Amino acid sequence: MSREANPFKKMPTILMPDELMAKALRRGEKVANEMRQKELPWLLKARFVEEHKVRTIASVVADNLQKVIDKTPPVRKLPKFYQEMVEVLVGIDDFKKSMGAFKWASELVRKLGNEYARKIRKARTPQQAGKLRKEFVGRVKSILEQIHPEMAFVAVAREKLKDLPTFKDLPTVVIAGYPNVGKSTLLKKLTGADVEINSYPFTTKGINVGYIGEIQMVDTPGLLDRPLYERNDIELQAILALNYLANLILFIIDASEFCGYTIEEQINLLKEIKDLFKAPIVVAINKIDLVDEERVKEIEEKLKEVGIEEILKISADKDIGLDELKERLKKIAIKEFLKDKDAENKELEC
């Protein structure tokens, strides 16, 4: 499945039992009024009116529930990133169980509609036809009340899931590093265009997305910018979900320390991210125009000591080293993207 759009954007508004029943009864009454205009024998007309009422109510309720099913993607067929988001935000098992309740109710209401329509056709009096229709309405109300908790759950889930960020199915670089190290400036300089801002769970700042040709660059303010011990379990899961998005991590170090964090603190965060993500890491030492060469060499040595091999020296502000960085990111991200796609295809074949 393509990641061209958030797969939950098309989920329709979830009507609660009273709302859905009111809608169905209004539609049923409208159809009944049309039927009452027909010139028919009184018993035949009574059957005709009540049968069409029942069929209309059944159709409105069953179709509405089925529409929710049809417009909601099967979770297990989603890209891993979105599967993780469903698990973090609402729980996959609870979500699937609730969608199952919609299916059960839709099928049962449709079946009952057909059964009661047949019974009404055989009614011996208008009163009997009306009684059967009322009985049917009562059973539909009971079914909807039975799945009320699941309807409420899916309504809340929809609100959370429809605002998930939209990512394209492209080689993706996720940018990390402490606040004020130059991530936003670098993203704008590398992509050379307006940056899209997407919402993301557990951060009020949103996710910034830009593109270098066919490379997707994702900046995550509020997520990969502080130590993991400051996170709760759900925030950690939201961060871990990025594992399924990132083909490459670009970690920014502020050589000047003007960001307010020492080199040691920045490298400690880098080590945490290195342990957390399976994607390779490129480190860009930023603001090299503000420190001497000796200081940059010291930082390079410290990075090599923690196992970082891909190190580039840049100044996002002064446009130093950005072309080389851009080319390295493209080359590595595309290579890793193709490798990940190959692994996904092999997984599907098994």
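In case you wondered, yes, glycine gets a Cβ from its N, Cα and C as well.
Note that the structure is predicted; figures quoted are calculated from it, not measured.
Positions annotated as domain 'OBG-type G' by Swiss-Prot, on the basis of sequence analysis: 171-334.
If you look up Swiss-Prot, you'll see 177-184, 219-223, 286-289 marked as GTP binding site, on the strength of sequence analysis. Residues within less than 8 Å, Cβ to Cβ, of G177 (GTP binding site) and separated from it by at least 6 positions along the same chain comprise K183, L224, D225, F251, I252, I253, D254, Q266, L269.
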Using a 10 Å radius on the Cβ of N180 (GTP binding site), the other Cβ atoms enclosed count 13
Same-chain residues at least 6 positions away from I288 (GTP binding site) with a Cβ under 8 Å from its Cβ, in sequence order, are A255, V296, K313, I314, S315, I320, G321
Same chain, |i - j| six or more, Cβ under 8 Å of L223 (GTP binding site); the result in sequence order is Y200, F202, T203, I207, A238, I239, L242
Lowest 10 Å Cβ neighbour count of the binding-site residues K183, T220 is held by T220
DSSP says I288 (GTP binding site), in three-state terms, is helix
